[in-house]
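In what follows, a structure is listed as structure tokens, so that the remarks can point back to it.
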Amino acid sequence: MAFLEDGNHTTVTEFFLLGLTDDPVLRDILFIIILCIYLVTVSGNLSTILLIRVSSQLHHPMYFILSHLASVDIGISSSVTPNMLATFLVKQNTISYIGCSIQFTSAAFFGTVECFLLATMAYDRFVAICNPLLYSTKMSTEACIQLVVGSYIQGFLNASFFTLSFFSLFFCGPNRINDFYCDFAPLLELSCSDVTVAVVITSISAGFITLTTVFVIAISYSCIFITIMKMHSTESRCKAFSTCTSHLTAVILFYGTAIFIYVMPKSSYSTDQNKVLSIFYTVVIPMLNPLIYSLRNNEIKEALKRHLGKKVFSYGNLFCKTHYNHNYPV
């Protein structure tokens with residue numbers, strides 16, 4: 001039941017997601033592609049977390065933050081992808097009122113945390129390159145924990161603002177959302193009540209997060225580039241810059257896509273283009289992050305080789321012992 005009679009009012013109890021396409025063949029193809037991406041996302045980020053936990057050489061502030069970034073990437077993808085895959089299977093694109101609020105609230109929470117973690121990693125690179133002698137003090141274990149906890153608190157606050165704004169709205173008419181998941185902007189268009197307060201509150205919250213994190217990232221990298229340009233040897237410049245390329249790539253992908261979705265005027269691109277960008281933002285980027293950080297980071301690659309080598313060596317020893325005992329019993 002999509003509507004509930006409440007006295008003289010009709011209340012929406014569920015929303016209908018128009019999804020990505022109506023073509024049944026294309027839906028099946030998209031299901032397979034997105035399922036594969038989701039499996040790679042979860043396995044890749046879990047592998048990153050486990051590798052950082054078990055590798056003593058990766059027990060540094062940057063990798064501590066990276067492990068939380070990997071957890072958040074799983075959260076962002078999981079807030080949208082499982083429900084989207086389910087709609088592909090059951091051919092039923094409805095989501096309950098509460099389910100809709102949970103979906104966009106979790107997306108807002110994890111998206112906010114990712115913004116602050118990316119800003120924290122930029123600050124980490126700034127201290128490492130511009131103030132290396134103070135690195136152990138400014139990026140101590142206690143400082144890292146405080147920065148990460150602060151990121152989660154900001155995520156909780158922003159998600160709370162969006163949740164309270166959502167429950168202050170009244171839905172009595174159309175319930176069709178032209179998207180594949182419950183985003184806050186399309187919900188505002190469906191509301192029968194005045195959305196001014198909700199728009200102001202969420203805009204201030206999202207604006208504060210965006211401006212704060214972009215400011216920290218911009219200032220950090222400005223100082224980093226100035227410091228790198230002052231280095232005398234080309235080798236030192238390349239080495240310093242190589243420590244930033246992975247993070248800078250992740251920042252450009254994340255914020256670049258977010259700007260197109262939430263900042264650019266809707267008239268500048270079509271709804272279908274917006275859906276593609278949203279897929280990239282919520283599904284593809286969480287898969288790319290572990291690849292970006294692992295393929296361009298020598299310490300992670302060395303740790304991965306070392307642990308894979310140990311596994312191969314231990315399995316080889318086990319095979320040899322089994323083979324020896326089988327052929328030459330005592």
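Our numbering is plain: 1 for the first residue shown, then up by one each step along the chain.
Glycine too: its Cβ is placed from the backbone N, Cα and C atoms.
With respect to the membrane, Swiss-Prot annotates Leu20 and Asn93 as residing on a common side. Ranges compared are 58-78, 163-183, and Swiss-Prot records transmembrane segment for 58-78. Counting Cβ pairs under 8 Å that are 6 or more residues apart, the transmembrane segment (137-157) and the transmembrane segment (58-78) reach 3 or more and are in contact.
Comparing 103-123, 200-220, 241-261, 275-295 for CB pairs under 8 angstroms to the transmembrane segment (29-49), the maximum falls on 275-295. Here the transmembrane segment (58-78) lies next to the transmembrane segment (275-295) in space: the count of CB pairs under 8 Å, restricted to residues six or more apart, reaches at least 3. Note on Cys100 (disulfide bond): other Cβ atoms within 10 Å of its Cβ, all shown chains, come to 25. For the topological domain 'Extracellular' (158-199), the residues of the chain that approach it from at least six positions outside its boundaries are 2-3, 9-12, 14-20, 80, 83-84, 87, 95, 97, 99-101, 103-109, 112, 205-206, 209, 262, 271, 274-275, 278-279, 282, judged by C-beta separation under 8 angstroms. Mapped onto three states, the DSSP output places Cys100 (disulfide bond) in helix. Counting residues of the topological domain 'Cytoplasmic' (221-240) by DSSP class, helix then strand then coil, yields 17 helix, 0 strand, 3 coil.
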